[in-house]
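**Student:** Sharing the features that Swiss-Prot gives for it:
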- 1-53: transit peptide (TRANSIT)
- Ser79: phosphoserine (MOD_RES)
- Lys84: N6-succinyllysine (MOD_RES)
- Lys110: N6-succinyllysine (MOD_RES)
- Gln141, His142, Arg143, Asp176, His252, Lys444: NAD(+) binding site (BINDING)
- Lys147, Lys171, Ser438: substrate binding site (BINDING)
- Lys183: N6-acetyllysine (MOD_RES)
- Lys183: active site (ACT_SITE)
- His266, Ser270, Tyr319, Arg322: GTP binding site (BINDING)
- Lys326: N6-acetyllysine (MOD_RES)
- Lys363: N6-succinyllysine (MOD_RES)
- Ser384: phosphoserine (MOD_RES)
- Lys390: N6-acetyllysine (MOD_RES)
- Ser450, Arg516: ADP binding site (BINDING)
- Lys457: N6-malonyllysine (MOD_RES)
- Lys480: N6-succinyllysine (MOD_RES)
- Lys503: N6-acetyllysine (MOD_RES)
- Lys545: N6-succinyllysine (MOD_RES)
Amino acid sequence: MYRRLGEALLLSRAGPAALGSAAADSAALLGWARGQPSAAPQPGLTPVARRHYSEAAADREDDPNFFKMVEGFFDRGASIVEDKLVEDLKTRESEEQKRNRVRGILRIIKPCNHVLSLSFPIRRDDGSWEVIEGYRAQHSQHRTPCKGGIRYSTDVSVDEVKALASLMTYKCAVVDVPFGGAKAGVKINPKNYTDNELEKITRRFTMELAKKGFIGPGIDVPAPDMSTGEREMSWIADTYASTIGHYDINAHACVTGKPISQGGIHGRISATGRGVFHGIENFINEASYMSILGMTPGFGDKTFVVQGFGNVGLHSMRYLHRFGAKCVGVGESDGSIWNPDGIDPKELEDFKLQHGSILGFPKAKVYEGSILEADCDILIPAASEKQLTKSNAPRVKAKIIAEGANGPTTPEADKIFLERNIMVIPDLYLNAGGVTVSYFEWLKNLNHVSYGRLTFKYERDSNYHLLMSVQESLERKFGKHGGTIPVVPTAEFQDRISGASEKDIVHSGLAYTMERSARQIMRTAMKYNLGLDLRTAAYVNAIEKVFKVYNEAGVTFT
């Protein structure tokens, strides 16, 4: 069953006062996006005059500064929410003092607090020496620890890690994960190094972070990112636990995305891709938004294209395929493939593992041109930043752009998509599945017990006794004893009757997190009359939450 904003499921969680009439909300949203005024203006739906906090951040080039890109999006959200933040302050101050306080805290939130730049030597297997460069940026400590991945790439720069760290702050706030934002990068191409050399680099980088106080269970917790995975996270955990964390019982909580044997959690590998799926699901099943786009709700008749067939792209493709959408194109750095009849994710994964590339896949042909401009309903950029620009945005044919990567859309492209009535589901919401499940893993490490272990047998026995109680009640009612009225669980209930596994709990928690956050974004978009500008709505939500922490904590040392 497809939803309209504000119906029973949402009302039961947020309360009727939080949302108002479902019909009125949907009508207001639909009217705004089509450029029609609402029949009767409602509270919160008045158009907002945006303040231009930073004109310099509005870079109009195809390759804008990444950090200024994020700052520009922040400024857009801040200009909208400032009046509400002033209004909500419950202090004995004048209007001017309140506004100064709000603007001051917004200036505190925006910059990157710490950036560590380091270099260290390694001896390679052939006996030569090389100096490795690396960075770690901590954007905000309004919540600790800081959280953010480590990527290995020759494109790593100070600007990139600062931008990604700031995105992590807002991302965590959007999905209510209590972390500050951080990011790290090591400037190497991992394909040019042996496994032994990569282990040396990873362990030495960990020690350099530890010496500077940039890693620890309560300080800064890295995670996998581009070209890193379980193996690298295991090396980091072992290095920290064997050295500076030797006496810390929580040492293995210094990093997430670890193998299960090292304190990892079931469902972490696929978490970001699964989060992308749930994020798309929440909007594609929303009848009001689909009506705006001229589409029918649900995945059944939808086609999609994935740019980037790494961890995020693969698992996004798997889940969309499983729920009825058809993948017609996949793009990688060395080329793209196309099949209008559909591409099976498992077959493509096996082919790439065997051949090292998607090119040559027998059930698809090579796609000439940019896969970003291919004909589809849903486009999932899941590669790197700044892929959708002012140059190619007018040629994008998809009606929904689901940002699986960080920062794939430049501000100018974002503006073009809004003008063309294309829905962009923003990165700071859509790819938050990874950090959400990383949070679950971190909690598991601090609790030193896996999810479900303490309740597994109790739940199974409770379900058994419930069924027996129902059966005995029916037998007493109809005077038949001895099991002549058996109560047989349905197949779906039978799957759950033995209790939830750790993976079940993780998947359920992730789905709920993405659903709740999507509802918050939808409500904010309606409240501020933003229509399809979901990115600004997400930034508004993030800014409100981070602002509240700073404001209530106080700013004594200023």
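Just so it is clear, glycine is given a Cβ too, placed from its N, Cα and C backbone atoms.
Keep in mind it's a predicted model, so treat the numbers as computed, not measured.
For the listed features, I'd like the structural context: burial, neighbours, distances.
**Tutor:** In the three-state DSSP assignment, the secondary structure recorded for Ser79 (phosphoserine) is helix.
Residue density at Lys84 (N6-succinyllysine): 15 other Cβ atoms are found within 10 A of its Cβ, drawing on all protein chains shown.
Look at Lys110 (N6-succinyllysine): DSSP puts it in coil. Packing around Lys110 (N6-succinyllysine) is summarised by its Cβ count: 20 other Cβ atoms lie within 10 angstroms of its Cβ, all protein chains included.
Around Asp176 (NAD(+) binding site), the C-beta neighbours below 8 angstroms that are at least 6 residues distant in the chain are Thr513, Arg516, Ser517, Lys545.
In the three-state DSSP assignment, the secondary structure recorded for Lys147 (substrate binding site) is strand.
Classification of Lys183 (N6-acetyllysine) by DSSP places it within a strand.
Of all Cβ atoms in the shown protein chains, 31 besides its own fall within 10 Å of the Cβ of Lys183 (N6-acetyllysine).
Within the same chain, the residues at least 6 positions away from His266 (GTP binding site) whose Cβ sits under 8 Å from its Cβ are Ile260, Ser501, Glu502, Lys503, Val506, listed in sequence order.
DSSP assigns Lys326 (N6-acetyllysine) to a strand. Listed in sequence order, the residues of the same chain lying 6 or more apart from Lys326 (N6-acetyllysine) and placing their CB within less than 8 Å of its CB are Lys302, Thr303, Phe304, Gly342.
In the three-state DSSP assignment, the secondary structure recorded for Lys363 (N6-succinyllysine) is coil. Counting only same-chain residues at least 6 apart in sequence, those with a Cβ under 8 Å from the Cβ of Lys363 (N6-succinyllysine) are Asn339, Ile343, Asp344, Glu347.
According to DSSP, Ser384 (phosphoserine) sits in a coil region rather than a helix or strand. If you take the C-beta of Ser384 (phosphoserine) and look for same-chain residues 6 or more apart in sequence within under 8 angstroms, you find Asp155, Met226, Gly308, Ala405, Pro408.
Neighbours of Ser450 (ADP binding site), defined as other CB atoms within 10 A of its CB across all chains, total 16.
Under DSSP, Lys457 (N6-malonyllysine) is assigned to a helix (H, G or I) in the three-state scheme. Around Lys457 (N6-malonyllysine), a 10 Å sphere centred on its CB holds 12 further CB atoms from the protein chains shown.
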**Student:** Select the closest residue to Lys444 (NAD(+) binding site) from the following modified residues, measuring between CA atoms: Ser79, Lys84, Lys390, Lys457.
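**Tutor:** Comparing Cα positions, the closest of these modified residues turns out to be Lys457.
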**Student:** How many Å lie between the Cα of His252 (NAD(+) binding site) and the Cα of Lys183 (N6-acetyllysine)?
**Tutor:** 19
**Student:** Specify the count of other C-beta atoms within 10 Å of the C-beta of His252 (NAD(+) binding site).
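**Tutor:** There are 26 such Cβ atoms around His252 (NAD(+) binding site).
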**Student:** In angstrom units, rounded to an integer, how far apart are the Cα atoms of Lys457 (N6-malonyllysine) and Lys147 (substrate binding site)?
**Tutor:** 34
**Student:** Validating a neighbour-count step here. Other CB atoms within 10 A of the CB of His142 (NAD(+) binding site): how many?
**Tutor:** 24
**Student:** In Å, rounded, how far does the Cα of Lys390 (N6-acetyllysine) sit from the Cα of Tyr319 (GTP binding site)?
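**Tutor:** Between the alpha carbons of Lys390 (N6-acetyllysine) and Tyr319 (GTP binding site) there are 30 Å.
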